[in-house]
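Novice: From Swiss-Prot, for reference:
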BINDING   15, 18, 48, 333  FAD binding site
BINDING   331, 332  chloride binding site
């Protein structure tokens, strides 16, 4: 190992996807960057199914070609079966973005090593087997015990230990990026602002199989990953084929219920894993077929968490160091890369004097929080359906599949709302958010739902915005729908692709050699609608038909 420098401009703690990506982007700007990774590469990690956005993000640091030529399993889309009585929905990456819009299923030890080495090839100084033990602050701030400390002071140095020799050292820096994964040294040790999502308090058990069947053989969807809701509504299972000949198969279940079921059946984790697949995941078990289980059962729990802030001046938090939602919809690496790009963009902007550190760090927190919240809404609404399979939330009553629902989900499932400079992403993303919100606060009574929708149509037709003859419950249904649909207007929320997302009056400048932030240019017309105008009426799909759903804007 070459000597670790005594000083650098940016220290990146952690060489996983988020840290390596941030380091690559920074180093390509000529910024002196050091990466310290606690483990030795290659090292194991779960989270093997990527989103279509990854290609666009990797292309920015010229890493997409390495992934393309490596031999990972190409992922043309993904199948989701949320209801045992309906055929699975499918999100088609190729239909959405063309024949080269596929993603990959990856062996993370190999994919993460590719990204780590690429950071070095981009000019960063990379060191694995070196763990950061503590961070030192200039003028540290104190808060009462148990209280979060959202600005612990200016970070100036880190103490590290070399795993092999136990030798300790210190490195000074101007900026720090915490990409330490689940450890989350800044959030857990200094800011103390991590919080777990009780609604996603699940446990995951998984392992690897050989000799399994393929999903949809002989079709354009062949060998896509498959996800299935468990038939007792306790969770879901995944089936992800990998290029080394194995298939990753996992089960995610409510933690309390899983513990109870294991105790009642007197099963250990391995027995419980196989019992779940055999009894309440029939379609996935059919895909396993005569496959052979070739690993131990691995377990993770309490893995869904977030934080109130992902930065403070001279510090940025990225990826799992800040938050993790759930394996569903494969959001982990996408959030790691987009937050890594945000960290690099805002640090570069600060170094170039385009913004001060207060604004730069705030921009990063808002950007990371926005991406996290969008995926959280999707995942929560999906769990609503998984845990109430006889009360459709994502599909209309007369549908036999979830294709329409997932056409709304498409920009988030594929990550294109953050990665692609696509004019449609605003409209598509708003549809997704509106749809997720509608699912998140469902109207239990079908008659109330129908009456509310009819009244909303009448309000548009009569031009008064008045909903006549509604009961309190029906009015509540109207409010549930309309409150979330307000996201379509410019004065409430604007969510664009990463390259056009304006936060605090600044948008990213995603150009190598001048990466940073620039002032938002004046736009002609209003920004509320997808075509540059505020929509006076919004719509929802009901039983396959588009229905105006909003009152007139005043």
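Each Cβ is built from the backbone N, Cα and C atoms, and glycine gets one as well.
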Novice: Among 15, 18, 48, 333, the annotated FAD contacts, find the widest CA pair distance and round it to a whole Å.
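Specialist: Looking at 15, 18, 48, 333 as a set, their Cα atoms extend up to 17 Å apart.
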Novice: Other than its own, how many Cβ atoms are within 10 Å of the Cβ belonging to residue 333 (FAD binding site)?
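Specialist: That number is 30.
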Novice: Please give me the CB contact count at 10 A for residue 48 (FAD binding site), counting all chains in the structure.
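Specialist: The answer is 26 other Cβ atoms.
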Novice: Select one residue from 15, 18, 332: among these binding-site residues, choose the one with the most other Cβ atoms within 10 Å of its Cβ.
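Specialist: Its Cβ has the most other Cβ atoms within 10 Å: 18.
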Novice: Whole-number Å distance between the CA of residue 332 (chloride binding site) and the CA of residue 15 (FAD binding site)?
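Specialist: For residue 332 (chloride binding site) versus residue 15 (FAD binding site), the Cα atoms are 15 Å apart.
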Novice: Could you measure between residue 48 (FAD binding site) and residue 331 (chloride binding site) for me? Cα positions, answer in whole angstrom.
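Specialist: Rounded to a whole number, the Cα-Cα distance is 11 Å.
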Novice: Measuring Cα to Cα, tell me the gap between residue 331 (chloride binding site) and residue 18 (FAD binding site) in whole angstrom.
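Specialist: So the Cα of residue 18 (FAD binding site) lies 13 Å away from that of residue 331 (chloride binding site).
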